[in-house]
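Asker: This structure is in structure tokens; I'll ask about it shortly.
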């Protein structure tokens, strides 16, 4: 297809946005949407204007849900019909290439569940919790505005372009559309991000499980449970996923309960592990899990975590609605402007926007939107529901995580989320340290909070999972079960998060290995062969050791691993979003949609501004808390002067550790910044070329084929859509038209 | 709600769960093979499920989960 899309075709597609999509609103819907807008606006007003008193989480829900509804109804519809011009007469890859396995038209409600389960993991539970140190308002605004104008747009537009290209991956599209250099930069970016992502997620788990026999036992039990499920599916009853998942979930709940018994028994000491020991276990687990057959561990674990994910997210939403807790955190804390917060350093702009990635704008989603989903979508008209809609739900999960973090005592929040160097190791020291931060909590309250959830200590449990679990335990015990259930719910939440993360560790290591094998294969051919065992082992070991290194560093960093590494993770994730948005913008321009290029162009500019500012500060800031190289120089200087201890480093060994870590982190920041600039430059060049020489444009879109498929566009079919289904003689899940006449 | 309605709802729920978990993949495969190449041999369920997980082994990017 050397020829740019003809205007005739564009018009044809634009003229058929689907039944029920008539322009102009009926008086009834004007009233309804005005009410929705008012609810949202009142929510925002209460959140923004209340100072010094506790606000009910109901207002946050009103603000978020009201805005989502408006964003979905109006903005996503505008993107689908005016910008992308989704074409209901055009066959999707699922219809054209239907092979019953990889490509098959899947019911939109099923695909929605698939896509949501694939995009939402532990990410939206972590970022918002950390960002709560600046108060609930910055996080809420970014999560809601970010998803409506950037995150959901990215997911939807990538899904659209990938669907028009037979489900090609983001990396392939980048190579095709913005050239080999941009493509290679995108590939390196994905690999680097994967490593940092896995290290940070593993760190979240280590911090949640350290010194917690209950947690270690119940998470440990997920391994035999998954093995059992794997064997059951392979040998006993192949393919019976629902029944084995139900058995698995029952065993999982039993493991959580049993964890409580273990913690009180003489076995407790066996399951009380130090962070350093846990790191070794995680690395060993990561390696074994990624070389074991998929059916034995990964696939069953995936079923378990998907079940838990959908179940718990629903339960949490119900719990929040029943309990409607009060937000105890301030709207905006002083750390927003001073940038001296203990959880992560730096001021509101840019650091809130990189700390909260998943839930607002997550580059990783572009990999899913250009992976399995485009091969399964029935109609182009469903891209809006699947792409935009799923991301809104993930954003809602992020809002719930933020609520969980903001309903616990702020003093407790800071005692849990500050690094050891700040809060110390005793409740007395922590109480004083929290006081110095400007919040108050007594040593007794800290001890009681730990006792309530049957943990030895909650101090410096950074990484977000314990905080989220505390908030969730609060919500659940208020909504169902009462205070007696608090310890159970706390460990349920830890389990819930750990389960995703372990699945991601396994799957991520495999993907990293696959990419590495591909790269190494250019040097030594056999590496490309994925069934060549030595290659698999070597590549897996390299990937595991790479994230294991950062995990080890994170656990032993006197400045706090989350504090140091999380910004890098955020920058990396937003870098991937920049790649995805740059690809989308380039494609919009190349496909003759120049006047709509702002739809992804503006989020791209914002994302680049955020990412580059953050990188700049991480590299050049003169504040040693923020700038890696200043930090390095300061500790190196102290070492040269022969000081026995310096700031948070208690001895010379720790000072040396900080010097090494800051150097590595600083170099990575430089690498990420360079990658962003390369991708931007290359895509900019492709855009300029497309605008100046439209005759040279090569559109790699698959040619138009008329669709015979009939299926509703949104989750709930409209009256017209139902009539169309009946007229076509197909069931509610849609199908190829059986009757000849056209509706 | 009448029993028929309850039964209908339950059937829909079962359908959804089977679709979502991929349990229905085999039925779909059999139906697909039967309609498109009626003479072709059809894998047993066991063999089909094996080939499905083994395909994931070959390319781990299928079914990848996000953070």
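Please read every residue number as a count from 1 along the shown chain.
The backbone N, Cα and C atoms fix where each Cβ goes, glycine too.
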Asker: When you get a sec, could you say which of A:116-135, A:436-455, A:456-475 is annotated transmembrane segment by TrEMBL?
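Answerer: Residues A:116-135 are the ones TrEMBL records as transmembrane segment.
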Asker: In TrEMBL, which of A:667-688, A:689-710, A:711-732 is labelled transmembrane segment?
Answerer: A:667-688
Asker: Which residue range, A:535-553, A:592-610, A:611-629, A:630-648, is the one TrEMBL calls transmembrane segment?
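Answerer: Of A:535-553, A:592-610, A:611-629, A:630-648, TrEMBL gives transmembrane segment for A:535-553.
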Asker: State, in range form, which of A:141-161, A:181-206, A:212-232, A:347-368, A:667-688 has the highest count of Cβ pairs under 8 Å to the transmembrane segment (A:565-589).
Answerer: A:347-368
Asker: Mean pLDDT for the domain 'CstA N-terminal' (A:57-614), rounded to an integer?
Answerer: 94
Asker: Under 8 Å for C-beta pairs, could you tell me which stretch among A:141-161, A:244-263, A:310-327 has the largest tally with the transmembrane segment (A:389-416)?
Answerer: A:141-161
Asker: With an 8 Å cut-off on Cβ pairs and a sequence gap of 6 or more, do the transmembrane segment (A:181-206) and the transmembrane segment (A:310-327) reach 3 or more such pairs?
Answerer: no
Asker: For the transmembrane segment (A:116-135), which recorded stretch in the set A:212-232, A:244-263, A:310-327 gives the largest number of Cβ pairs separated by under 8 Å?
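Answerer: When the Cβ pairs under 8 Å are tallied, A:310-327 comes out ahead.
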Asker: Residues of the same chain, at least six outside the transmembrane segment (A:487-505), with any C-beta under 8 angstroms of its C-beta?
Answerer: 121-122, 125, 197-198, 201-202, 204-205, 208-209, 212, 214-215, 218-219, 222, 252, 255-257, 259-260, 282, 285-286, 289, 298, 301-302, 304-305, 308-309, 312, 452-455, 465-466, 468-470, 472-473, 476-477, 481
Asker: Can you tell me which parts of the same chain pack against the transmembrane segment (A:310-327), counting only residues 6+ beyond its ends and a CB-CB cutoff under 8 A?
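Answerer: Contacts of the transmembrane segment (A:310-327) (Cβ under 8 Å, skipping residues fewer than 6 from its ends): 54-58, 60-61, 113, 116-117, 120, 136, 249, 393, 396-397, 400, 403, 406-407, 472, 474-476, 478-480, 492, 496.
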Asker: When you check the transmembrane segment (A:347-368) against the transmembrane segment (A:212-232), do you get at least 3 Cβ pairs under 8 Å, counting only pairs 6 or more apart in sequence?
Answerer: no
Asker: Near the transmembrane segment (A:212-232), which residues from the same chain, at least 6 beyond its ends, have a CB less than 8 A from one of its CBs?
Answerer: 205, 240, 244-245, 247-248, 251-252, 255-256, 258-260, 262-263, 267-273, 278, 285, 295-297, 299-301, 303-304, 454-456, 487, 491, 494-495, 498-499, 502
